[in-house]
Each structure stands twice: as C-alpha cells, then as structure tokens.
Amino acid sequence: MKIPLKWLKEYLPTDIQPAELAERMTMAGTEVAVLNSHKDKWPNVYVGQIMEVNRHPNADRLVLVKVDWGQGQETVVTGAPNCKVGDKVVFARTGAVLIDGHNGKEIVLKPAVLRGVESCGMVCSERELGLSDEHEGILVLPADALVGMLASEYLGEVILDLELTPNRGDLMCVTGVARELGALIDRLPAISDPDFKATGPDIKEKIEIEINNSKLCTRYTASLIEGIKLGESPDWLKERLIACGMRPINNVVDATNYVMLEFGQPLHAFDYDQIKSRHIIVRPAAEGEVLTTLDGVERKLSPDMLLITEPDRIIALAGVMGGENTEVTEKTSRILLESATFDKQSIRKTARGLKLQSEASARFEKGLSYELAPIALKRATQLILEIAGGQAASGLIDVLPNKKERNGIVLSLAKVNQILGYEKEPPDACKIAKRLGFIWLPEYVPGMEEFGYGATEDMVRIYPGYWRMDIETDIDMIEEVARIAGYHTIPCLPLDKAIPKIETPPLPGMKRFLRQILSGYGFQELISYSFTSREMLSRVSSGAEPEFLAISNPMSSEQEVMRTSLRPSLYASLAANRRFEKDGLRLYELGRVYLPKENKKQEEPEMLCAVIAGGSSQSRWQRNTAGFDFFDVKGIVESMVSRLGLSADFVVSDEHGLSHGYQAGILVGDMPVGILGQVSPQTADKFDITEPVYMFEINLSKLITRAMVRRKFNPINRFPAVERDLALVIDRHITNRQVIDILSEYDLVKNAELFDMYQGKQIAENKKSLAYHLLFQSDTHTLKDEEVDGVMSQILGRLNTETGAVLRS
C-alpha cells in the first residue's frame, strides 16, 4: 500500500522525518519503506526557465525556445503551442531517458537537426515524463520552481510503502494510516465527517433499493448526481492517484478511486439512465447466469456470487466489478453512486473464482464496517460535485436491514500488566485507547475478583473504532497497548522456573528417524503438492472410477483434487530424473493422503512411499552392473523396520499396479501396514518408464501404533547355541514364509535363515530344494544333542504333514 506523505500530512500535520516515521510504524508492527516516487528517474532532466521564444525560420508550426537550465542556456526546437517567456518548464538534456510520445517506449534523447536548426534537448510534456497521457503541450511548473534543480527532486514526492498484515485492512487508506501514526505520536488526526450540498429532488423518488440477502450485504447506500460533465480530473487528483499506483481514467471514476484510497471504502458509479427499471436488487446469482463486465469479458456466474441487478438483468458483480451495460461513458450525465458493505467471504470466493482480483475486492476481503459506507458516499458525492459539477439529489438511499449495537470489550487493567509482564509504571491502557480513537468507560463485572483480574475499579469497557474490525477480545486490546506503548518498554525478566521439557510426539519423531535411515540408504526425499489431477491418480488406480476429494476453487486443472496416493508424484519424478542420473536412483516421500469415506468425512493417513531403479551399486571400481531386484527392496524394508525395533513379515498379495508374483504385503505383528514389489510394466508405461522399478509403501499411521508399544529388555543369553542345517525337498508352490512360520513356533529355534534354493535335474520337476541354517538355544540351560535331535524330528514331522516336505538326501 503506497501513501503519499503530503496527503497524510493533510490529516496529521507533523515535522517527523520520513525515516523516523517509518521506523516508528515498523516497530509497531507495520513494516514501512520510504520511497521517492521519481527517485533515479529522468537523468539529465532539470527545471528550466524559458528565456526566449522565436519562430522557426523554415517551419510555421515549430518554434525556437531558449531555455536556462541553471548551468547554461540551450536552444530547443518544439511544436508545443503553450511556450511562454518566463514559464518554468522541464528541460531534458542530451542523454536523458524519456517516453516516446507516439509509441510509449523509452528512448534516449540524442542531438537532432529539425528543419535545418539544431535542437540541443527537449522541453517535456507529461506523457514524455511518464506522468500521464497528456501531450498536447509542455508541462508548465509553478513559478516557485527552482531553476537548475533535478526534475526528479522537484516533481518527486515522499511515498510511504506499507507491507500490511492480513488483519490490518484499516491501513489500506490514508485516514487509517493517519489514525495509526497519530496513536504512535499521541496526536489525534483531523478527520471530519464529510457532507455535500443537495439541491435536487428527493432521491427516494428516483430509485428503489432492495436487499434479498442481509447476510451477504449488510448495508447499501447510494446517492444520485445529475448534470455532471465527464472529463479529465484536475492535476492534483491525478498526481495522487499515480503516486498511489493507480491510473487516472476520468473525473467520476477517479473520484471514486480517490475516496477509496482516502477512506478505504470501495465505491461504484452507475450510469443512472441505463437503469431503466429504477429498481436495484442485491441478490445471489442463479445457476447459469452470465454478465459482461467492464473489461468486456462475458463471465459465467455461480450461486455463491453476489450480484447487483435490476428485476430483469444483472448490472454488476457486487464488490468486484461493474457491468458493461451500466458503464459510465462520455454520454453520461446522471450517475448513481454506490457505497455498500458486502460479506468478505463472498467477495473472496467471487474474486478468486473468476480470477478477477481488484483494489475493491482486496478491501472487501479484509472486512469493512457498515458504518463506513455512508461516510465514504458523502465524501465521494462532495468530490464529484466539486470536479464534475452537477446537482445532488436530496438525501441518501440507506438500506440497513440489521443494525448491530456495539457491546464493547471488557478489559482488566491488572490483566494487561499480567500478560505483558509490567511490574512498575505500566502503560495507561485507557490513554492508549483514547490515542487510538477508541472510547472507554468504567465497568463493573461481578465475580471477576476471584479470577485474579482485579477489583471493580480495575475494569473498563472499551469501544473500538468502527475501522478496527480486528479488535474483538481483551487480548486484542492488550496487544494494542503493547504496540502503541512500544514493545521495547516491556521489561526483560529472568525465568522464574525451568523450561518444561516437551516430548516430541511419536509420529513426527518417527518421521524424523525414518528420514535419517533412508538418507543412510542413499534415498533422496521428494516433496510434492497435496493437490493433483484426476488423470494423474487414475494412472495408478484400478479400472473402477476412483473417488476423490475435489477442490472447490482449484488453481489449475492439474491441481483439482486431493491426492489419494503418493505413487503418481514419485513415478513422475523418477521418470523425469532418470534422464540425468546414470546410476541407481532412490526416491521417497513422506506425506498425507486424503481418502474419502461414505459419511462425507475422510481419512488422512501419514504415508511413506519409496521407489528404486537402475543399478544397485554406484561404485565405479566395483563395476557392478546388476540392477535392483525384489529382494533389494525387501531387504531395505526389513532393515528399516528392524531399526524401529520391530519385525517385518511378508505375505502374498495381489495389489493393482504391481507385477503378479513380484510383490508382497508387509505385516508388523498381525497388522498389515504396507506393500512392496515391482511396478507393473503397464503402470510404468503410463509414466514413460522403460526399466524395472521397485517400490514400497507403508502406512505410518498404522506403523506408529506398533512402534509405540513399550518393549521389554531381554538379558543376553549366557547359554551356548547349537547350529544345525536343514535341507528340504518341497513342492514348488510352498513359500519360504510358510516354512519360516512353522519353524518360528518352536521356542528353542531362535533363528531360521534360508541360505540356498535349488531347482534342477537332480530334483523332480514340480519340486524345489530349500536349505535353512537353524540356531537352537535355551534360556535356562545348555542344550544336549539328544534334545536338539528331538526338536529336529518334530520339525520334520510337522513340515511333512503340513507341506509335504522331506529331508533332502
């Protein structure tokens, strides 16, 4: 938000230097930078004075102007009709950077010979300086302009550039900044209630206003001005609009923009003669309605948008932009001026839904008090009468369906000191409230003493100004006390107790640990948007149409739904990065997915998904060209889960998107927590992946419930272990997991590890050989061979009964 300092001083006269002023406001919570509106512009451009004006010897429409620019005199050839001896003008020397009056592009001024006469410079118009589109004549400066001064210094103005926080919509205008600065320097700004002289008929005879939804439009005020003359605004008004970053258009539109910058209330002018019905209705849009706005674009409307209409047609998008059908044009002689208060959520949805952000919508989105509407309307009417002429109808249209009484905020002065930490000489909260323009009264609240907030005489009721919509509770008011008194006045006190130890929540702690583990395994983390497209998710979904959580106002078609899986972003990233990575690539992502449910709620589990592709070794000397396989990713999962203090088991699975026979479900205890396997060629092809890719996916929201189980300490076994090897011939369809499950049921078997598998000529065609290394150990005594032999016999018998396995000879 840009505010000219001269304009600000009209409401709050002060001798404070701009840098100090900016420092005070910055330290009070609003960052301010001091700018010069024309600093570093117009090199070699000076204030000059016309000494002579002579006719051009070879051209009737050109004149020779001799200009004194403080360091000498130069002769300039110009066709400007308003050159007079003694006038102060803007003189540009050779090398100056100006705007070409014909095409609007920047040019570097060079020496020129015009009709046989050398021109050493230029006397400039407003357009050539970039101040406006005016180029019919040169810019004539006031008589007090100092000859020889740089034009950037003379025409420049100190501008305050405010970086506003979302809650301070009141600072989006000059009067709001004046109130803020006035509170900081303890001086009330001179802001009076405007009014205008009405000489026309009663406005109620000319127009009828109706509000159909008082929640979306809390107040609608309007005035009528007849006999206006549309034209260019005066220079002072145009200069202020330009300094604030706005483009002058015509005197009526400029007046509404000026008042918006002055008071913060957006206004809109309708061509009254185009409102044929003389009846305005404020209502929500109906499905399928359209409106051509002032920018000439036909816009499709939705029911959550608020409209200004006649009974049979739409004439404006409330709070955002007017309609082309009631636009003020050169033929306009009567205008209806609107100043209304619209619901901020409604305006935000409309502006974003139509991608139509404006200065007006930005102010409505922050929230405006309905008390501001008639004040700004009177000021705008007054200004238009001043610069565009005409007669104002008597009175105002003021539709206020539900007037709300302000209850004020009950504040304990003791609580102010308690919250801010003052012990001696605390700031006077009542005086600060007065400096802010608020009203305060003594308050009696029975029973507050028992809460430690002070006796009856300690309580006050504060009524914030209507412009401070962000002051709602006593804590808000306490913040104002700290801001205005100065944060530097709050005493620094030593801690009176130890800082409590806050334990890291289990899930964030697990995620941090997993990042460390995966980083050690050579993985790189991917962070993608939670928003994605239906098309992207459908690539990893089964044939049935999947359900998604749709976003009501997506930024683009590629971010229209919430993700239900991390796989698409990982596969797409893998495909994009494999072109630049010759060795193996390992990627993972930690994040939530959003799963819709029938009861219109949703699950948001925290997931870990990882992919690996390429060579399994990056060591150049090793020259290992073997690629990753199923057992690599299985080993990573086993090791990772083991480092969490858990044990992973694997079961046969049939997950869509993974190759049949090269996938497995992940169990921790008896709980399914994830899946791993090779990405199917069909799915890989959808992401333009041409090589084998392996992945694993784990539901951390489930895994954490197992990791949180407190584990008991087991002492180191002091009895020796006995090792045996067991080679079995077994049917090919029997899995290693089935054998391991049987072996693990025997207490003396502490570990069983598959170390060999064979299929070949020496074994029947439908059989295979599995060889296991078994570790036997007792917790209470040293095992004897007879005891181990007995357990081995039991194992062989059970394996034979349940799987048909026999001991390999």
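These residue numbers are counts, starting from 1, taken along the chain as shown.
Including glycine, each Cβ sits where the backbone N, Cα and C put it.
What Swiss-Prot records for this protein:
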- D470, D476, E479, E480: Mg(2+) binding site (BINDING)
- 39-152: domain 'tRNA-binding' (DOMAIN)
- 404-492: domain 'B5' (DOMAIN)
- 717-808: domain 'FDX-ACB' (DOMAIN)
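Overlay of Swiss-Prot annotations on the structure.
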residue : record              : contacts (Cβ under 8 Å, 6+ apart)
D470    : Mg(2+) binding site : N167, R168, G169, D170, D476
E479    : Mg(2+) binding site : none
E480    : Mg(2+) binding site : I432, A433, L436, I471
Quiz item: Within 10 Å of the Cβ of D476 (Mg(2+) binding site), how many other Cβ atoms can be counted across all chains shown?
Solution: 16
Quiz item: Under DSSP, is E480 (Mg(2+) binding site) helix, strand or coil?
Solution: helix
Practice problem: With DSSP as the reference, give the number of residues of the domain 'tRNA-binding' (39-152) in helix, strand and coil. | Solution: 6 helix, 50 strand, 58 coil
Practice problem: Could you give me the DSSP helix, strand and coil counts for the domain 'B5' (404-492)? | Solution: 37 helix, 13 strand, 39 coil
Quiz item: So what's the average pLDDT for the domain 'B5' (404-492)?
Solution: 83
Exercise. List the other residues in this chain whose Cβ sits within 8 Å of the Cβ centroid of the Mg(2+) site residues D470, D476, E479, E480, in sequence order.
Key: R468, I471, I475, M477, I478, R483
Self-check item: the domain 'FDX-ACB' (717-808) - residue tally per DSSP class, helix then strand then coil
Solution: 27 helix, 32 strand, 33 coil
